[in-house]
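J.: Just passing along the structure, written as structure tokens.
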Amino acid sequence: MLSRKGIIPEEYVLTRLAEDVPDHARYRARERRARFVGKNGACNVAHKNIREQGRFLQDVFTTLVDLKWPHTLLIFTMSFLCSWLLFGMVWWLIAFAHGDLDHSTRLQRDPGEGAAGASAGFVPCVTSIHSFTSAFLFSIEVQVTIGFGGRMVTEECPAAILVLIVQNIVGLVINAIMLGCIFMKTSQAHRRAETLIFSKHAVIALREGKLCFMLRVGDLRKSMIISATIRMQVVKKTASLEGEVVVPLNQIDIQMENPVGGNSIFLVSPLIIYHVIDKNSPLYDISPLNLHHHEDLEIIVILEGVVETTGITTQARTSYLADEILWGQRFVPIVAEEDGRYSVDYSKFGNTVKVPTPSCTARQLEEDKSIMDTMPLSPKGTIRKRSVKLKPRFTIS
């Protein structure tokens, strides 16, 4: 079986692929500021000192779904096993109280006819129960509705009929909860998010004469994400004007543009999502000198949509720190027209090329228009088109 590292290029990051981060990258990540959202989309927030733990038990189903697979399978197995043992004990007590387990008691009820007469005159609550093992087997037959036919409830004991009804209802409830929990864990929305990919780095370059923050997003599956929307937020530490209340995580929404327009995207092929850095942008005063690992800057990207095949809403997340933003570069084209259809080369998903870009902030670029006059224009990227030889439909003789 091929490893993920062998089939996934290093230029882009799967939203849930945390294990592919090399050890030296993890070591460098400890030296710089802590991330709010990891590259794999996981939120780097630890919840401590939660005193009201009982709130989790009020929503048992969600708690079971959020558990890890070993814990879920353990609870799944123990719920059935404990219910079988509990009702097996109840059936054994009913048989013991009625005298089904005492052979001498059955003989005393009809002593004149011997063993044959005792068998004919004595009616047990449940037939063929002689020990706790047989009572346990009968409990499994009742709850799982196997019905081997060797044991059955008689009309001799009303309590046995009541226990039969209760065990069937309890068994249906356990089946509904545990099977629903297993189904929800296997069809969780974040599994679909593993095939939604973001570029490993973001870039800042000129587009239409303005500095733009750009990233690339794509979908590896053929089944589409319906009503896909994407939004970005800047997370940084701020303080109030009074200097007393410190807001450690101030989230600022930033306006973005995409080829379709608005926040909705048609993710049939990889798209470059960009944000124009203007006076309303929190990146208005960012320059190449600020893009280092000590800078207090993190840009979170959130992609949401509805899975076409299941109808479940999914969300993919990633983030870019200051040193993961490349200044003066842009993404290379990866969509080409080949044999009458478009093909995407994912091996170049995160590749970038250097382009002429002023080494100043967007504020300085807006205030001093003469900076653009000294910038050489770079050739525009075009979609590569391979020539295809077409056979003539007719010939002239």
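Each Cβ is built from the backbone N, Cα and C atoms, and glycine gets one as well.
Automatic, uncurated: that is what TrEMBL annotation is.
Okay, these came from TrEMBL:
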- 37-188: domain 'Potassium channel inwardly rectifying transmembrane' (DOMAIN)
- 196-369: domain 'Inward rectifier potassium channel C-terminal' (DOMAIN)
- 73-94: transmembrane segment (TRANSMEM)
- 160-183: transmembrane segment (TRANSMEM)
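Describe each of these features in terms of where it is and what it packs against.
T.: Long-range Cβ contacts of the transmembrane segment (160-183) within its own chain (Cβ-Cβ under 8 Å, at least 6 residues beyond either end) map to 60-61, 64-65, 72, 75-76, 79-80, 83, 87, 90-91, 94, 125-126, 139, 142-144, 153-154.
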J.: Quick one: average pLDDT across the domain 'Inward rectifier potassium channel C-terminal' (196-369), no decimals.
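T.: So the average pLDDT across the domain 'Inward rectifier potassium channel C-terminal' (196-369) works out to 85.
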